[in-house]
Structures are given as C-alpha cells and as structure tokens.
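Per TrEMBL, the features are:
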- 29-292: domain 'DUS-like FMN-binding' (DOMAIN)
- Pro31, Met32, Val33, Gln85, His184, Ala238, Arg239: FMN binding site (BINDING)
- Cys114: active site, proton donor (ACT_SITE)
Amino acid sequence: MTGDIIETKECQLKDPMDLFHSGQVVKICAPMVRYSKLAFRTLVRKYNCDLCYTPMIVAADFVRSAKARDSEFTTNKGDHPLIVQFAAKEAQVLCDAARIICPFADGIDLNCGCPQRWAISEGYGACLINKPELVKDMVRHVRSQINNPKFSVSIKIRIHEDLKRTVDLCQKAEAAGVSWITVHGRSIEERHQPVHYDAIKIIKQSMSIPIVANGDIKTLKDAENVHHMTEADGIMVARGLLANPAMFAGYEETPFQCIQDWVDIALEHGTPFTCFHHHLMYMMERITSKQEKKVFNVLSSTSAVLDYLNDHYGV
C-alpha cells in the first residue's frame with residue numbers, strides 16, 4: 001500500500017456524486033473478491049468504466065493490522081473515482097477504517113449483500129439487511145466523523161422476500177445520509193434464479209437518492225435494458241466485466257487489444273501469476289475453442305502464457 005499510496009496525496013480526489021448528476025447512467029465495476037484489484041480497475045477504466053470498487057475488505061482487520069492494509073489495498077493517482085468496500089458490524093470500526101482510507105479514496109461502501117456463510121456467521125454482509133437500525137447507525141457515524149463532504153458513504157444490499165422491509169431499510173439509510181444504494185435484485189437464498197428487476201424499480205421509485213442496479217448484466221445491451229426496466233441511476237457489473245472488460249465500451253466480446261492491454265498492465269503492476277492467468281481465462285472464454293482452453297488453462301507460468309498468446313494471437 002505505502003509505495004503506491006504516497007502518489008495519491010498529490011492527485012485530486014473526485015466527488016463520485018458528480019457522476020450521478022451527469023445525466024448519464026453511471027457504469028460501475030463491482031467489488032469482486034480477488035479480482036477487482038488495482039490492475040483490473042486500471043484495465044476497465046480504459047474501456048469506459050466510470051467508477052470502480054475494491055474487493056470487500058474486513059474493516060476490523062484493516063484497522064488493526066498494517067499488514068492487512070498493505071495486502072488488501074493499493075491505489076495510484078489514476079485510480080479514481082474509487083470506492084473502498086468494507087465488511088463491518090460496528091459503527092466505530094467502520095468509522096476508523098473510513099478515516100484511514102479517506103485521503104486515498106473517494107468513498108466507502110458498506111457490504112450488506114454478501115451471502116457467503118462465513119460472512120453471515122461473522123455478522124457481516126447480507127445479514128445486515130435484517131438490522132436496519134445498525135446500518136443506519138453505521139452510515140450516520142461515518143457521515144458525522146469524516147469531515148470531507150465529497151467523501152461518499154454508500155451501501156450494497158440484497159432484497160427481502162417482503163419488499164416493504166427493503167424499502168424501509170433503504171429509507172432509513174437515506175435518512176442517515178447514505179449517498180446511494182446498490183441493489184442486487186436477489187434475496188439471500190437466491191443464487192442463480194432470475195434477478196427481480198421489478199423490485200429494484202419499486203425501490204428506485206421510493207427513494208430520492210441514486211439507486212444502482214446489480215445482477216446478471218453481461219453486455220452493454222443488458223445494461224441499457226436494465227436501466228430502462230428499473231430507472232436506476234447506475235449499473236454495476238461483476239462477471240460480465242470479468243468475461244469482457246471492454247463491455248462498457250460496447251464490445252460484444254473481449255477485443256485482442258484489451259487482452260494486450262491486460263498483459264501490459266498486469267506485468268507493470270507485478271500481478272501474481274494466478275490472478276494474471278485467471279483474468280485471461282475469463283477474457284478468452286468466448287473466443288477460444290474447447291481444445292484451446294484445455295491447453296491454455298493448464299499453463300503454469302507467466303512466460304508460458306506470454307509464449308502462447310504470442311504464438312496464437314500475436315499478442
């Protein structure tokens with residue numbers, strides 16, 4: 001964190017809310033465990049992504065340990081606007097994390113949507129949608145303790161079976177000063193079921209702050225359709241961007257230039273091999289044959305991957 005982060009002090013932090021006031025739908029890269037790190041954020045920003053999130057960081061570890069801060073968070077002066085997503089269950093811990101991150105990022109997001117068992121058993125993630133008073137308290141605390149009015153405080157949620165409860169949660173968060181709310185249109189139990197875009201629309205119509213729609217958006221056309229269905233102010237994409245980081249620029253599948261850009265950026269950032277390789281596996285999923293995948297997916301070194309790309313694609 002330290003080497004990269006010093007640069008950031010020289011750069012002008014941005015007000016993410018300006019994006020929502022631009023009149024355009026805001027195109028957002030989701031917080032993805034292991035994947036939405038600095039190198040990948042750098043790549044998607046080249047292809048019309050407006051706003052990027054870090055992977056979820058456990059706020060208590062981040063506050064307690066310099067080692068956790070160094071391994072979990074890196075940024076640089078081109079990496080803006082940037083939202084750091086935290087898992088937290090105590091208002092003061094979230095405030096302490098926000099205070100540490102404030103000079104280097106443009107806002108924080110409280111994860112109220114992660115359905116993984118470990119997160120829920122620790123009191124993090126999606127279980128928070130059932131604790132609206134706690135969410136409200138956490139938002140209010142950060143708002144009162146961070147004295148930069150441009151620093152955003154957002155939440156990312158899933159929906160309840162009874163949508164009235166979700167609307168109530170959102171209205172409480174809005175009253176506490178939340179900047180915007182991202183809604184993944186599934187309940188905690190739902191994994192691959194269709195996304196309830198109608199629910200996102202009802203939430204949007206019940207609020208006066210921006211609402212971001214999330215869930216099963218794989219192409220720019222999907223993003224446009226979801227915007228029309230939900231009237232959301234922003235569209236957040238996860239797997240669709242992994243498969244095609246150039247999606248927001250209108251490409252139907254990953255262009256070779258994007259693969260070349262990833263190789264250059266990843267090598268420049270010293271991206272670990274597994275991460276470097278996995279991103280390429282996602283990007284090349286739609287453009288390689290089964291036979292090619294069998295060969296490419298078992299390559300075990302950066303030099304082997306580079307040789308393969310050069311031999312087969314001239315990258």
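Glycine is treated like the rest: Cβ placed from N, Cα and C.
Features as recorded by TrEMBL, highlighted on the structure.
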{"residue": "Pro31", "record": "FMN binding site", "contacts (Cβ under 8 Å, 6+ apart)": "Tyr53, Thr54, Pro55, Met56, Ile83, Gln85, Asp109, Asn111, Lys156"}
{"residue": "Met32", "record": "FMN binding site", "contacts (Cβ under 8 Å, 6+ apart)": "Pro55, Ala238, Leu242"}
{"residue": "Val33", "record": "FMN binding site", "contacts (Cβ under 8 Å, 6+ apart)": "Pro55, Met56"}
{"residue": "Cys114", "record": "active site, proton donor", "contacts (Cβ under 8 Å, 6+ apart)": "Met56, Ala87, Ile120, Tyr124, Gly125, Ala126"}
{"residue": "His184", "record": "FMN binding site", "contacts (Cβ under 8 Å, 6+ apart)": "Gly113, Lys156, Ile157, Arg158, Ile159, Val195, Asn214, Gly215"}
{"residue": "Arg239", "record": "FMN binding site", "contacts (Cβ under 8 Å, 6+ apart)": "Lys218"}
List nothing but the largest Cα to Cα distance in Å, as a whole number, among the residues Pro31, Met32, Val33, Gln85, His184, Ala238, Arg239 that the record says bind FMN. 17
So what's the mean pLDDT when you look at the domain 'DUS-like FMN-binding' (29-292)? 97
Would you mind checking how many other C-beta atoms are within 10 angstroms of the C-beta on Ala238 (FMN binding site)? 21
Within 10 Å of the Cβ of Gln85 (FMN binding site), how many other Cβ atoms are there? 25
